[in-house]
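Asks: Below: one structure in structure tokens.
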Amino acid sequence: MYKYTTSSFTTRLGMRPIVARALYSSSASSPIKRVAVVGGGQMGAGIAQVSATFEHGVTLIDVNAEALERGQKYMAKSLARVAKKKFPAEPNVASDWVEAVLGRVRPTTSLSEGVRSADLVVEAVVENIGVKQKLFGDIAQAAPGHCLLASNTSSLPIGRIAEHLDAEAKARTLGLHFFNPVPQMKLVEVVRAEHTGAQAIESAVAFVESIGKAPAVCKDTPGFIVNRLLLPYMMEAIRLLERGAAEARDIDTAMKLGAGYPMGPFELCDYVGLDTLKFITDGWFKEGDGLRGDKAFAASPKLDELVAAGHLGVKSGRGFYDYSASKKK
Ligand SMILES: NC(=O)c1ccc[n+]([C@@H]2O[C@H](COP(=O)([O-])OP(=O)(O)OC[C@H]3O[C@@H](n4cnc5c(N)ncnc54)[C@H](O)[C@@H]3O)[C@@H](O)[C@H]2O)c1
């Protein structure tokens with residue numbers, strides 16, 4: 001098995017692509033061993049959990065100590081479920097396994113300390129371009145020179161997030177777009193911005209495979225692959241409802257049983273969060289690269305009305321559907 005050291009990885013960056021591919025294509029040979037995750041919310045905790053499950057050393061960084069505590073509780077609960085399935089007849093083995101995985105995640109509120117010896121930093125903080133740009137500047141300063149710099153953004157261009165970095169740091173910057181809930185969802189979109197180096201993509205693909213996920217490489221265009229196809233579909237379903245063509249429940253039933261989708265479009269909207277859906281589509285309509293003024297993303301009166309009323313989907317107890325009864329159970 002290829003043994004990784006920081007210096008050998010740095011040397012490998014200069015190798016011819018064909019040799020590098022052979023080295024990095026096997027999950028066992030991923031050069032990334034130490035992962036720093038910035039942002040201990042829903043996504044960050046999930047990315048930290050999965051990385052630690054596959055034996056990477058992880059630091060989980062958040063400005064808010066309470067968020068780190070919540071993140072640890074989330075991981076413990078999620079790992080306990082996994083352990084129950086993995087070791088159904090051995091409760092002691094299961095709890096030892098959970099402890100061992102959690103033991104590989106070190107929480108900290110210090111960014112510089114958390115990224116100091118990382119091979120990969122995955123940023124998963126609030127979806128705000130100014131916050132992310134500043135953070136990437138700080139990470140590039142504090143992380144080692146070989147470290148890959150990745151953002152988990154759903155809707156912001158990687159090129160803009162990296163805008164203020166120098167060319168060398170830009171070549172190590174890319175998108176790693178995980179899906180929610182991270183422990184269950186197999187896909188990670190590996191996003192190649194114009195400035196991202198081929199070696200960074202190779203290493204990122206090897207890392208994704210090393211944590212049991214499937215990579216899909218794509219360019220830095222709005223919505224990458226999955227959201228670029230899903231959002232017009234969700235907005236069109238809302239417009240179908242607005243036109244009175246069918247009820248939400250019937251549209252969901254039709255798409256599940258007629259198209260074989262696991263969730264109907266309104267179940268999906270409520271799961272994603274109606275505020276998130278509105279935030280992304282409004283942004284694309286106003287200034288999305290190649291999408292400005294695209295009717296598919298024009299405001300929807302029904303969506304605006306629900307968001308204004310605070311009906312944001314599953315997280316608020318009501319969206320297109322009412323979840324208050326199921327929450328009380
Ligand atoms: N929630 C999803 O379904 C989903 C799916 C894919 C991608 N994403 C993307 O992942 C990112 C995070 O989303 P989330 O749902 O986990 O958000 P979240 O609100 O649950 O968590 C964000 C965390 O970041 C922390 N934070 C904010 N600024 C920080 C900073 N400067 N340094 C360190 N920590 C900071 C906050 O304290 C919070 O704990 C966003 O970019 C989002 O677009 C979200």
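Cβ atoms are placed via backbone N, Cα and C, with glycine included.
Feature list, courtesy of TrEMBL:
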type: BINDING; residues: Gly39, Gly40, Gly41, Gln42, Met43, Gly44, Asp62, Glu127, Lys132, Ser154, Asn180, Lys315; note: NAD(+) binding site
type: BINDING; residues: Ser78, Lys85, Ser154; note: CoA binding site
type: DOMAIN; residues: 35-221; note: domain '3-hydroxyacyl-CoA dehydrogenase NAD binding'
type: DOMAIN; residues: 223-323; note: domain '3-hydroxyacyl-CoA dehydrogenase C-terminal'
type: SITE; residues: His177; note: site 'Important for catalytic activity'
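Are these features on the surface or tucked inside, and what are their neighbours?
Replies: Around Met43 (NAD(+) binding site), the C-beta neighbours below 8 angstroms that are at least 6 residues distant in the chain are Ala124, Asn152, Phe178, Asn180, Val182.
Mapped onto three states, the DSSP output places Ser154 (CoA binding site) in coil.
His177 (site 'Important for catalytic activity') has a Cβ environment of 25 other Cβ atoms inside 10 Å. Under the DSSP three-state reduction, His177 (site 'Important for catalytic activity') is assigned to strand.
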Asks: Counting only residues 6+ away in sequence within the same chain, which have a CB under 8 Å from the CB of Gly41 (NAD(+) binding site)?
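Replies: Residues satisfying the criterion: Asp62, Ala67, Gly71, Ala124, Val125.
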Asks: Taking only the recorded positions Ser78, Lys85, His177, which one has a CA atom nearest to the CA atom of Gly39 (NAD(+) binding site)?
Replies: His177
Asks: At a 10 Å cut-off from the C-beta of Ser154 (CoA binding site), count the other C-beta atoms across all protein chains.
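Replies: Its Cβ shell of radius 10 Å holds 21 other Cβ atoms.
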Asks: Would you count the other CB atoms within 10 A of the CB of Gly39 (NAD(+) binding site), including those on all shown protein chains?
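Replies: Step by step: centre on the Cβ of Gly39 (NAD(+) binding site), count other Cβ atoms within 10 Å, giving 25.
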Asks: Within a 10 Å radius around the Cβ, which one of these binding-site residues has the most neighbouring Cβ atoms: Ser78, Asn180?
Replies: Ser78
Asks: At 10 angstroms around each C-beta, which of the binding-site residues Lys85, Lys132 has the fewest other C-beta atoms nearby?
Replies: Lys85
Asks: Under DSSP, is Lys85 (CoA binding site) part of a helix or a strand, or is it coil?
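Replies: SS state of Lys85 (CoA binding site) = helix.
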